[in-house]
Amino acid sequence: MGCNRNCGLITGAVIGAAVALFGGILMPVGDMLIEKTIKKESVLEEGTIAFKNWVKAGANVYRQFWIFDVQNPDEVAVNSSKIKVKQRGPYTYRVRYLAKDIITQDSKTHTVSFLRPKGAIFEPSLSVGTENDTFTVLNLAVAATPHLYPSTFVQIILNVFIKNSNSFMFQKRTLKELLWGYKDPFLSSVPYSIPTTVGVFYPYNNTADGVYKIFSGKDDISKVARIDTYKGKKHLSYWPGYCGMINGTDGATFPPFIEKNRVLQFFSSDICRSFYAVFGAEINLKGIPVYRFVLPSRIFASPLQNPDNHCFCTEKIISKDCTLYGVLDISKCKEGKPVYISLPHFLHASPEIAEPIEGLSPNEEEHSTYLDVEPITGFTLQFAQRMQINILVKPAKNIVALKGLKHNYLVPILWLNETATIGDEKAEMFRNQVTGKINLLGLVEMTLMSVGAVMFIAFTISYCACRLKNAK
């Protein structure tokens, strides 16, 4: 009887040890299977989950605009007063709803080439007004004239057409005209063959961006979605005068298995440069653990603080010998037009830049850029990319519309927030297919190890107690 009891206890302890051992073995084996599956489904080729979501955005992407409506245009033009602005918005458009076009896969180089069609659909239900709302804004053509035509002789001639067309430093334009283009009366009156349509994003609808060539990740998953070339170039010298490499992805996806110390790089053709984001926090998005990566203020630092920005300081006077921070000159990317980008409301910019403007209220929470990335797959499940468009206006004694200015202005035109969040249905599918299975496997592993350990300890203690009792 004692033998049977002891044998049973020993057997129980052995079984417990075996169960715990199996749970321990299952951990690396399970992790290996998960890693293998994730790597397979992350490759950008026909049939994978990553390819399906890459070809066409899996969530609605919106671009929200806030327009800076100038309240005192005459005071500024005549007396060079501070510019008083009133922010109006959001006006929302749905973008990135078109699938990528002319997709070509190269099995030798493991790359994918494509075009990204552009389109924007106005969303009245997500906007404060209509596309016909009117704003007092900078006259884009007049403001650009001294920059595009520095010759005194040419400016004197163009001034005649500016006056005859009743064009001034500021103008009234509808939202649709300002964003997507309008026939400018000044340019239309010039008797030469020059472009006459002007708009902050003109041309946009029915155009395409690219050609992009990115890595598929087939041979090296750490390179998946990374841009190899843009319009045949690996280097920002595509825009004469710029320097640096075209790095990173387009921000929609990154190589899988992201750690908190990784720096995420992404490229934007709209502003002709690559950016990077660093880990900010770990948050829960619709039941999915994600890492929030944020754009650091160093991105807009002066070249003295961030040498990567020396290509975006193209003159020494306005930038005070490249010591000002918070704005980047992208005029070379915009055919010489004096366009500067910044964070909304000149967040993290030198005080001197915003000093001539009244009505700005920079706010870290509302005006910073972030990406919420699921760390196992590398998929971006939520993002907010925020940027402000500014135009540099200089005094010009040969142009009546700008003659009254006594100093330079960086005039804010608008700021935008391009944003998307994974939908509830997609989030549920993601939880079921990815995070749910991983959590279930982890639960099984921990349960087996815990149950096995408890069985082993319990049966071992019982066996020892039984032996001690028999010995007495």
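Here the Cβ of each residue, glycine as well, is placed from N, Cα and C on the backbone.
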Cys333: disulphide-bonded cysteine as recorded in TrEMBL, out of Cys272, Cys311, Cys313, Cys322: Cys272
Alpha-carbon distance [Cys311 (disulfide bond); Cys272 (disulfide bond)] in Å: 11
Cys311 (disulfide bond) CB neighbourhood, other CB atoms within 10 A: 20
Cβ neighbour count within 10 Å of Cys272 (disulfide bond): 21
Other CB atoms, at most 10 A from the CB of Cys313 (disulfide bond): 19
Fewest other Cβ within 10 angstroms of its own Cβ, chosen from the disulfide-bonded residues Cys322, Cys333: Cys322
